[in-house]
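*Asks:* Quick paste from TrEMBL:
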BINDING   B:HIS94, B:HIS96, B:HIS147  Fe cation binding site
Protein chains: 2
Amino acid sequence: MPDNSPSPPNLPRLRGFIADFTRLVERHSGDEPTILDAGRALLADLIATDDWLPDAYAQPDPVHYRQYLLHCDPYERFSVVSFVWGPGQRTPIHDHTVWGLVGVLRGAERSQRYDLQEAGGPPVASPSELLEAGTVEAVSPRIGDVHAIANALPDRPSISIHVYGGNIGAVRRSVFDPLTGQRKLFISGYANTALPNLWDRSQPVPHAA
Amino acid sequence: MPDNSPSPPNLPRLRGFIADFTRLVERHSGDEPTILDAGRALLADLIATDDWLPDAYAQPDPVHYRQYLLHCDPYERFSVVSFVWGPGQRTPIHDHTVWGLVGVLRGAERSQRYDLQEAGGPPVASPSELLEAGTVEAVSPRIGDVHAIANALPDRPSISIHVYGGNIGAVRRSVFDPLTGQRKLFISGYANTALPNLWDRSQPVPHAA
Ligand SMILES: [Fe+3]
Ligand SMILES: [Fe+3]
Ligand SMILES: [Mg+2]
């Protein structure tokens, strides 16, 4: 995957974030409020500077939004995903079943939260929020887990970086029909079969094993 | 990275190995003999079945052997690398400065260990060993860290899977001149800018974030 951008992506920034977040989930396993508080600060710091996401993980699809896995914890305790929305693209109404953090890296997104009705029927929308670049939002079954996200920009892609309390592409969760509230199970998977190699810190030098 | 092979690679095997090895380095940090003993068994198990390495990480280069990073621990406590030797290819004489395990997955390799002379001069070779598929060998500064490895097959590639006690592509280490013993520092890096995504365990389903 050759990189033709004028300056190479600042991978040490993402590498540092992954080490910090690994430490966080290791130390505070099961303590969701602490993970969300401290994780929000880590993610805010990561998205404060837009110099590190390799171009390959910033490409929109013409039809659907895309989710590129950037890193998965070896125990699947958390995952880091780049979501890329083309103009006009949006998610269905969905849940996560694990905690999640959404940080806008580029552009702007519109977030709409929903309450499910006990008796069924359409999910009840809260007022929508505009998330500008630099904003971090949290979801979880404890604090509100059902939402939909849309690109707020009509003319260019928006990108957000999400962190979830599991391997989100493998989690069994649900989408909801906006008219009937009917639940449908889904497993999202990922758009990419290859992850960025964050670990090459060499200068060009002779080979050896 | 489309996979055109008849059956998809058995990624759960590699995923399980990575989780097991993470557990091992976590529990026995600093205890090299235990890590090498238990790690040898894990690696022997991984290479006992040749059904899991994606083709993209099994491609020889026409000129040099290649080292493809498959996984790096988020704290850089260990890394897993696929080494692919074309016919006639070999490493220089080199050290590692960290522990290493070499497990032959495909083909056969010839391993040559060396002792450095205090007073300088050419490294002293031990009798070479033929490593057939399924064999695991260990190196480290404690048990002997200087060797060279060559493809033992004249007509096709050989592949070995290596595990090291660090992010080996970023480690400052040495190659040695076979005639003079002169040491030259190097940092190997990796051949690949993208790692395999081991974490997509979905069935094809509708998208959501
Ligand atoms: Fe070696
Ligand atoms: Fe979501
Ligand atoms: Mg690749």
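Just so you know, glycine gets a Cβ as well, placed from its N, Cα and C.
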*Asks:* For B:HIS96 (Fe cation binding site), what is the secondary structure by DSSP, using just helix, strand and coil?
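*Replies:* B:HIS96 (Fe cation binding site) sits in coil per DSSP, no helix or strand.
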*Asks:* Tell me whether B:HIS147 (Fe cation binding site) sits in a helix, a strand or coil according to DSSP.
*Replies:* strand
*Asks:* Taking the Cβ of B:HIS96 (Fe cation binding site) as the centre, how many other Cβ atoms fall within a 10 Å radius?
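*Replies:* Total other Cβ atoms inside 10 Å, all chains included: 23.
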*Asks:* Applying a 10 Å Cβ distance cut-off over all chains shown, what neighbour count does B:HIS147 (Fe cation binding site) have?
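*Replies:* Excluding its own Cβ, the number within 10 Å is 24.
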